[in-house]
Amino acid sequence: QLWHYGRLCLRSLLYNSFTNSDVVLDSLFEPVYWLVDHVPFPQVFVALVIGLTSSIVAIVYICLLPLILQTYTPAWICWHLTYGHWNLIMIVFHYYKAITTSPGHPPQVRTTRHQRYRPLTPGAAWLNNCVGHYNHRYFFSFCLFMTMGCIYCSISAWDMFRDAYAAIERMKLLEKDRLQVAANQTYYQTPPPTFSFRQRAFHKSVVYLWVLCSSVALALGALTLWHAALITRGETSIERHINKKERQRLQKKGKVFRNPYSYGSWDNWKVFLGVDVPRHWLTRVLLPSPHPPHGTGLSWELPPCVREQRVPLLAI
């Protein structure tokens with residue numbers, strides 16, 4: 001009885017009908033949000049992203065590219081040079097724009113489409129910026145192209161990674177045998193190493209590249225898929241919680257919830273990417289483009305890429 005009484009008291013003090021696993025997770029992350037607000041972690045994260053990305057690019061140019069030029073066919077060389085540099089340009093452009101573009105500021109504290117995300121989303125910490133109406137496309141594009149680049153590096157370097165890992169294991173065994181032999185003999189100087197410094201650095205760099213790219217591809221790929229699902233439904237991360245509650249509330253009344261900001265899956269992507277005419281798939285999606293999003297974040301007129309007006313009803 002004492003346990004049930006204590007549980008009842010706790011629920012009477014803390015119960016909230018809007019509480020779910022997402023709210024609990026957000027509450028647990030509040031100390032992290034406070035730290036990021038008061039401690040200059042974002043600047044450290046930005047420097048870390050730039051440093052890690054630069055290290056991968058340096059390894060590709062110094063270690064992998066010469067090997068590709070020596071062993072691959074001309075067709076594969078053209079493919080790697082073209083795709084690799086295109087992917088790198090897209091990553092650098094969208095990361096720079098996501099950092100430097102203001103997300104937008106609502107005129108007062110209220111729930112608006114302009115304030116599309118909380119001040120710190122699961123990506124804004126390493127942007128040193130909020131993710132909002134004006135830089136949402138840059139943020140998502142950076143995540144997408146970074147994931148594509150990491151997958152590309154992981155697949156391209158897979159054979160090199162296996163050879164490098166086997167070589168490192170062989171280095172350890174030979175080093176162990178060399179030390180055992182040296183312990184049983186008398187030398188006036190230390191015996192020369194079995195592998196040169198350049199060989200060791202090459203193999204370790206390839207292993208570092210593959211492990212880092214594979215890890216980032218998995219983690220960032222999951223985040224990218226989550227944001228892609230939100231874009232497909234025409235929602236923001238905040239509206240996901242609101243719409244979920246509204247959907248459950250109206251379902252109990254026998255009604256169907258309809259997102260007033262959704263134009264349909266395909267049109268949602270066209271609105272988000274700014275694809276008004278077919279050529280924009282090339283000039284605005286496959287190439288770097290600084291075009292602004294539709295609307296101001298406060299007013300939402302029908303975008304030109306949407307074929308027909310949909311009735312903005314919350315429930316039908």
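Indices start at 1 and increase along the chain as displayed.
Cβ atoms here come from the backbone N, Cα and C positions, even for glycine.
Feature annotation from TrEMBL assigns domain 'Palmitoyltransferase DHHC' to 125-241. Residue counts for the domain 'Palmitoyltransferase DHHC' (125-241) under DSSP (helix as H, G, I; strand as E, B; rest coil) come to 92 helix, 0 strand, 25 coil.
The transmembrane segment annotation in TrEMBL covers 44-69 (among others).
Residues annotated as transmembrane segment in TrEMBL: 76-96 (among others). Outside the transmembrane segment (76-96) by six or more residues, the chain places 49, 53, 57, 60, 68-69, 138-139, 141-142, 145-146, 148-149, 152, 156, 288 with a CB less than 8 A from a CB of the stretch.
Counting only same-chain residues 6+ beyond the ends of the transmembrane segment (138-161), those with a CB under 8 A from a CB of the stretch are 56, 60, 64, 67, 80, 83-84, 87-88, 90-91, 94-95, 97-98, 101, 123-124, 127, 131, 206-207, 209-210, 213-214, 216-217, 220-221, 223-224, 227-228, 231, 272. The transmembrane segment annotation in TrEMBL covers 138-161 (among others).
Among the features that TrEMBL reports, transmembrane segment is placed at 206-229 (among others).
Listed as Cβ neighbours of the transmembrane segment (206-229) (distance under 8 Å, sequence separation of 6 or more from its ends, same chain) are residues 52, 55-56, 59-60, 63-64, 122-123, 140, 143-144, 146-147, 149-151, 153-154, 157-158, 160-161, 163-165, 168. Listed as Cβ neighbours of the transmembrane segment (44-69) (distance under 8 Å, sequence separation of 6 or more from its ends, same chain) are residues 76-77, 80, 84, 88, 91, 95, 99, 125-128, 153, 156-157, 160, 202, 205-206, 208-209, 212-213.
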